[in-house]
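Visitor: Can you keep this structure in mind? I'll have questions shortly.
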Amino acid sequence: MSALNRKVIRDLRAIWAQALAIALVLACGGMVLVLAHSTERALSETRAAYYDRNRFADVFATATRAPQALLAEIAAIPGVAVAEGRVGFHLLLDLEGMVEPAVARVISLPLAGPPRLNVPILRAGRLPDPARPDEVALSEPFALVHGLLPGTRFVALLNGARRELQVVGHVLSPEFIYTIGPGSLMPDDRRYGLIWMGAEAAEAAAGRKGAFNEVSLRLSRGAREDAVIAALDGVLAPYGGTGAYGRDRQGSDQFLQGELDQLQAMGRILPPVFLIVSAFLVNMVIGRLVATERRQIGLLKAVGYSTAEVAGHYLRLAALIGAVGVVIGWAAGAWLGQAMTALYADFYRFPWLIYAPGPGAFVISGVLGMATALAGAWRAVRTSASLPPAVAMAPPLPPAYGAGRLDGLPRTLGAGQLALMVWRGITRFPGRAAVTVAGIAASVAVLIAAFSTYDAVRAVAAEVFGAANRQEVTLTLTDETRAAPALEAAQHLPGVLRAEGGYALQVRLSHGPRSRFVALEAHEPGDLMAHLLDSAGRPVALPPRGLVLPRGLAAALGARPGDRLRLQRLTPPYEEWDLPLSGVIRQSLGQSAHIDAETLHALLRQSPRVNRIDLRVDPARLPALHAEVKRSPVISGLTLWSDLRRQFDETLRENLLISSAIYSALGMLITLGVVYNAARIRLAERAHELATLRVLGFTRAEVGWVLLGETLALTALALPLGWAAGYGFAALMVAGFSTELISIPLVVSRQTYGFASLMVLGTALAAGVAVRRRLDRVDLVGALKQRE
Amino acid sequence: MQATGTAAPPVYRTQGLTRIYGQGDGAVQALRGIDLTLAEAEMVVLLGASGSGKSTLLNILGALDRPTSGRVFFRDRELSGASERALTAFRRDHVGFVFQFYNLIPALTARENVALVTEIAHRPMPPEEALDRVGLAHRMDHFPAQLSGGEQQRVAIARAIAKRPDVLLCDEPTGALDSQTGVKVLEALVAVNRDLGTATALITHNVGIQAIAHRVIVLADGRIVEDRRNATRIAPAQVTW
Ligand SMILES: Nc1ncnc2c1ncn2[C@@H]1O[C@H](COP(=O)(O)OP(=O)(O)OP(=O)(O)O)[C@@H](O)[C@H]1O
Ligand SMILES: [Mg+2]
């Protein structure tokens with residue numbers, strides 16, 4: 001090994017702790033990059049393979065009732081490769097160990113053989129025998145939660161009548177990777193299941209003999225999806241078609257896509273922060289090294305090393321730091337990526353997982369990591385490497401202490417000598433102070449952004465379970481029905497204190513060329529339970545005419561209050577209306593349009609109707625209510641809001657705990673890296689000065705405060721900057737993580753500011769104290785002799 | 001000892017060298033027209049008051065610095081006006097430096113400090129041989145911090161001679177040393193000059209040292225005020241400090 005390379009290794013060994021601190025910050029950037037990309041890749045590849053093998057459909061549509069013969073006509077639409085019809089509907093189950101009814105979605109299987117599209121994967125047992133109407137296959141997670149193994153029987157409530165069904169198999173389906181039951185917010189394997197049933201039995205149960213109400217299409221290569229959708233809509237219109245849609249509106253895929261988008265956002269937003277901070281750290285440390293080695297550089301130049309060779313020497317040092325960071329980042333990213341993918345696989349229902357992180361993310365993070373380290377070093381090395389070699393001849397320079405402009409300030413303020421030293425230390429090296437402050441601020445920002453997700457979730461929960469929905473129970477009706485008698489009947493259900501109706505229908509909402517399929521929800525002016533909220537979270541009244549949309553939906557349509565929107569009914573007679581957008585509201589989960597009930601019923605030219613009933617109930621009488629609901633043929637689902645809340649909290653607590661633990665570690669690492677390095681450099685620079693203080697009789701503690709004082713002062717300076725940056729960063733995350741279905745509110749609570757600040761302050765102090773302890777070990781005599 | 005090298009062709013030739021530091025009111029004229037010829041294998045001592053321009057002249061000869069005006073020739077090559085790259089190559093191939101403050105790389109051992117130069121030289125001697133010549137064969141694997149000042153300076157000499165340079169330029173090599181250590185350093189320099197025939201220029205404030213050289217040049221205020229040959233030379237051990 002050449003002498004110069006030996007020097008690189010020894011230099012690195014001498015600053016190993018600082019180098020490691022930088023490498024760790026750099027590693028964070030690489031880790032997030034690899035983690036996000038490899039997880040995203042694993043999920044999307046798994047999804048693609050699953051969709052492909054199990055022939056997930058491209059286009060979906062529902063109708064009220066279409067004759068089997070229509071399928072041939074659908075299959076003949078240009079671009080359609082395969083068309084398959086089936087019957088689908090919801091029913092209630094009366095399961096052992098559950099007081100309240102569970103809801104199941106029934107999916108019919110073809111008369112013979114397995115389906116050609118959306119093929120379920122058999123996980124246990126077999127598919128039902130078409131000739132045996134009581135045989136069913138269940139979705140695996142639901143079956144396992146209830147212990148419904150093949151061979152067991154359970155009771156379904158078909159049109160109010162109890163019917164025993166036999167489980168013959170467990171399946172998973174590409175259509176239901178992520179499934180939310182009606183009226184629910186989260187997947188719930190206890191309360192919501194899927195039942196695959198022979199065609200004849202299903203048709204009989206749904207009262208649709210020889211007909212289908214759901215159709216799936218696989219397109220041929222090169223087919224234009226929108227053309228096929230338009231054609232399919234035309235074919236289904238006479239049979240109550242409600243508008244065909246592609247995978248982009250298929251519930252399960254839509255959620256999965258949202259998750260993938262979030263992972264991409266994470267991979268885009270976070271790594272730059274770490275890379276930039278580590279570039280500055282490398283700059284700070286190499287800059288300091290180069291400054292102390294001025295004469296060595298002069299010597300190397302004098303004996304014939306070229307500027308490029310000298311610069312290369314220091315760049316190699318930076319490259320080594322970069323390489324360590326990159327490798328740690330790779331390892332941590334790959335490990336966490338695998339763990340996270342496993343978590344996702346658990347949350348989503350994939351039958352298997354393809355975890356094959358391609359070289360892409362590793363290459364990108366490697367290149368970025370090395371580029372970061374080299375760029376940071378380059379600025380420090382560039383000028384010094386071209387130092388004229390004559391400095392090697394010159395005697396060592398005395399430290400450049402001239403009177404700075406701000407030097408007198410602390411004295412004017414009556415501060416003591418030690419405070420003066422702290423002050424000078426900061427003002428003498430404003431560049432380094434700025435890097436330290438910026439790094440600490442970045443740390444605070446990352447923590448604030450991480451903790452603000454808790455604030456956001458709390459805000460969503462307060463909205464969804466507090467201000468917007470004050471009902472305790474929601475009943476979903478099998479079919480829409482006239483409001484007055486339904487509410488009258490609901491009032492007489494056991495334990496009901498108050499009942500309010502709700503009515504929603506699917507519409508296509510357009511503004512100019514943009515359109516969305518949404519639920520249009522009707523509201524009665526006197527409703528006390530379901531509320532609309534303005535952006536501040538206060539209930540708002542609906543204007544008598546006109547629509548109210550959530551902010552996100554209005555933005556997606558490019559509509560502002562006053563604009564006219566086109567509404568198209570998706571069921572016969574497919575009328576269209578023009579209505580003004582009269583206001584925007586806050587709605588975090590789901591995106592629906594809202595309208596005054598009377599206005600809507602007038603447009604529909606029908607008497608007031610409901611398809612949902614909200615209840616306030618006497619909790620003591622809930623069991624009786626459940627029993628009654630199970631007997632009722634007109635109720636297809638019951639949502640207990642306290643249960644929803646519990647489930648919401650549980651799901652999010654788990655997910656948020658993991659992610660915020662990771663983010664906290666990342667955020668604190670930045671502070672650690674920045675403060676530790678700044679303090680180490682400061683200690684090296686001032687060893688002589690501080691040793692002199694000790695010789696003069698100052699105590700260790702007093703001298704230590706010169707070091708810690710600077711750290712604390714810079715941290716204090718950084719906190720407000722961090723708060724501002726954190727708010728901005730949280731806004732970026734919210735924007736990146738919001739999807740069309742979930743609009744995350746931007747909320748940063750005082751606790752978040754406080755907690756992030758405390759964590760950073762604590763980390764900075766810990767790093768400062770670690771360096772301070774080295775001060776105790778400084779050899780007084782040696783430090784005094786040492787010449788720089 | 002008798003004077004040698006008078007008939008040999010010159011290693012260095014300068015014409016009207018000037019060097020001005022800074023500009024305007026703060027400008028300092030360090031050299032005011034130096035015409036000088038240095039012969040092969042010659043050992044020259046440069047004397048002069050502090051600030052007289054000795055270091056400046058040596059730096060220009062060693063291509064560490066450039067003259068403000070005037071010309072410098074190394075053998076047939078003109079150094080004044082050469083590119084930065086050419087000057088670096090020139091230093092690498094032809095010049096050995098010894099500085100007052102040793103200028104060793106603290107992170108490298110004695111042997112490695114020498115290797116630093118031999119690795120980039122054309123026909124170097126092994127670092128061990130160079131260290132042996134300055135009497136440090138037994139301290140090769142020590143770091144600078146583990147060596148005394150004189151030992152460090154001898155490592156610096158070993159580093160300077162290891163590449164078999166054509167010229168050896170020494171700026172107050174004994175300036176930081178006591179007399180006994182200084183003698184050892186001078187002995188090393190004289191031995192190299194004698195054994196390898198390396199032309200040597202040596203700056204010193206110690207007037208006694210001039211007697212070890214073939215030739216003595218005295219500078220004052222940026223000019224050569226005296227240039228004489230020693231009829232006889234003495235051995236470093238006889239120098240009075
Ligand atoms: N980098 C510089 N900038 C400005 N002036 C300089 C610089 N280097 C040297 N000088 C000035 O040039 C003049 C000659 O300096 P030089 O270092 O050559 O003197 P010297 O003879 O080597 O002195 P000494 O014996 O003290 O080393 C001095 O007046 C000095 O102040
Ligand atoms: Mg000098």
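Cβ atoms here come from the backbone N, Cα and C positions, even for glycine.
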Visitor: Out of A:10-28, A:314-332, let me know the one TrEMBL marks transmembrane segment.
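Guide: Feature transmembrane segment in TrEMBL: residues A:314-332.
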Visitor: So which residues does the transmembrane segment (A:656-676) touch in its own chain, when a touch means Cβ under 8 Å and the partner is 6 or more beyond its ends?
Guide: 17-18, 21-22, 24-25, 28, 32, 270, 273-274, 277-278, 281, 336, 343, 435-436, 439-440, 442-444, 446-447, 449-451, 453-454, 457, 711, 714-715, 756, 759-760, 763-764, 766-768, 770-771
Visitor: What stretch of A:269-291, A:314-332, A:433-454 shows the most Cβ pairs under 8 Å to the transmembrane segment (A:352-378)?
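Guide: If we count Cβ pairs closer than 8 Å to the transmembrane segment (A:352-378), A:314-332 scores highest.
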Visitor: Across the domain 'ABC3 transporter permease C-terminal' (A:662-774), what are the DSSP residue counts per state (helix, strand, coil)?
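Guide: Residue counts in helix, strand and coil order: 98 helix, 1 strand, 14 coil.
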Visitor: Tally of helix, strand and coil residues over the domain 'ABC3 transporter permease C-terminal' (A:273-388) according to DSSP?
Guide: 97 helix, 0 strand, 19 coil
Visitor: Below 8 angstroms Cβ to Cβ, which residues of this chain, lying six or more residues outside the transmembrane segment (A:433-454), approach it?
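Guide: Contacts of the transmembrane segment (A:433-454) (Cβ under 8 Å, skipping residues fewer than 6 from its ends): 270, 273, 276-277, 280-281, 283-284, 426-427, 656, 659-660, 663-664, 666-668, 670-671, 673-675, 678, 714-715, 717-719, 721-723, 725-730, 732-734, 744, 746-749, 751-753, 755-757, 759-760, 763-764.
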